[in-house]
Structures are given as structure tokens and as C-alpha cells.
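Lifted from TrEMBL, the feature list:
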ACT_SITE  Cys24  active site
ACT_SITE  His125  active site
ACT_SITE  Asp140  active site
DOMAIN    11-188  domain 'Josephin'
Amino acid sequence: MSQAPGAQPSPPSVYHERQRLELCAVHALNNVLQQQLFSQEAADEICKRLAPDSRLNPHRSLLGTGNYDVNVIMAALQGLGLATVWWDRRRPLSQLALSQVLGLILNLPSPMSLGLLSLPLRRRHWVALRQVDGVYYNLDSKLRAPEALGDEDGVRAFLAAALAQGLCEVLLVVTKEVEEKGCWLRTV
């Protein structure tokens, strides 16, 4: 079926979960994997496995609303046969071999507020970046829709801006083979 003259091709189907409770880690996992594989219940089970004898689980919110730490994300991905690598912010982003990376999960500062009143508390927020059909997307669950970042230059610019703010951490999601060979890193 042909398109009408001047019609834009439909954008690729990009999976994007929106923020609910403090489940940004679950949303980031599903967004980076481009399908719903994890739930709050699955993340809570991982927490129990990580700290089986703990009354107050250190890997999630005391209130049971989420706020999972990086150990839950890493264990979830390892359970799928994937690996994670922390990006060393001292390296130039030109050394990041994006073609070898399935996706990225960023941990960013997230200011807290009550209405218009900004609170002095600092929280953390997990955000997924992923390439779909040749375009990189910011899949932040706080966004209404995925934000196109463009090609590798676009995602590098986004990462550079996030890292320049200081408190950003970047976790690369890769296959076990890529992790073992270290080919997520280019020698420039």
C-alpha cells in the first residue's frame, strides 16, 4: 500500500513505560529491553534473593513502593543472560563502541518537590537509552513519549551533557560475550 504524497512514514514502534510509584528501575529495565519482562513483584523477588535474611531490605524502598538499587537491575539482566558494565566517566565517549551495546541505563539525580516548593532532598532516577531502527531514544519513564536523540552523535551528545552535570552514572547493557571480550570499548 503506498502512502499519500507528502505523508510522513510512521515512526518505528518503540516500547515505552511511563512512571508509576517509584518503579523507575523496573521501567528502565523494560524500556531498555523493549518489552515488559519485569514487574514490581519480580523486582521484589530479586530483592529477597539478594538479602534473604534481612528484615529491612537494603535494595528497595522501606515503603514497598520501589526505589530499587543497581544490584536489582544487574541481577535482573544477569538472569536473562546479559551483562552490565559501568562506564568510566573519565574515558572519552568516543571510546564507547555503541554498536556493541544493547542499551544504556543512566542513574540521574532527581529533585523532589511538593507542588511548586522544591525540597532539599535528593533522589535518584533510572533512565533507559536504546537504539530502535537506527535511531537512539531517551526512554525516561517520566517523559510522555520516547524522545528521539538521533544517531550515535546524538546519543553521545546526550550522554556528555548528562555526565557534565556531575552526578550521572552510566551502566552499559551488553551480551556476556561483549563483556568478556571487552569489545564495548574502542581503542582510539
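Backbone N, Cα and C define each Cβ position, glycine as well.
Cβ-based neighbour count (10 Å, all protein chains) for Cys24 (active site) stands at 28. Its own atom aside, the Cβ of Asp140 (active site) has 23 Cβ atoms within 10 angstroms in the protein chains shown.
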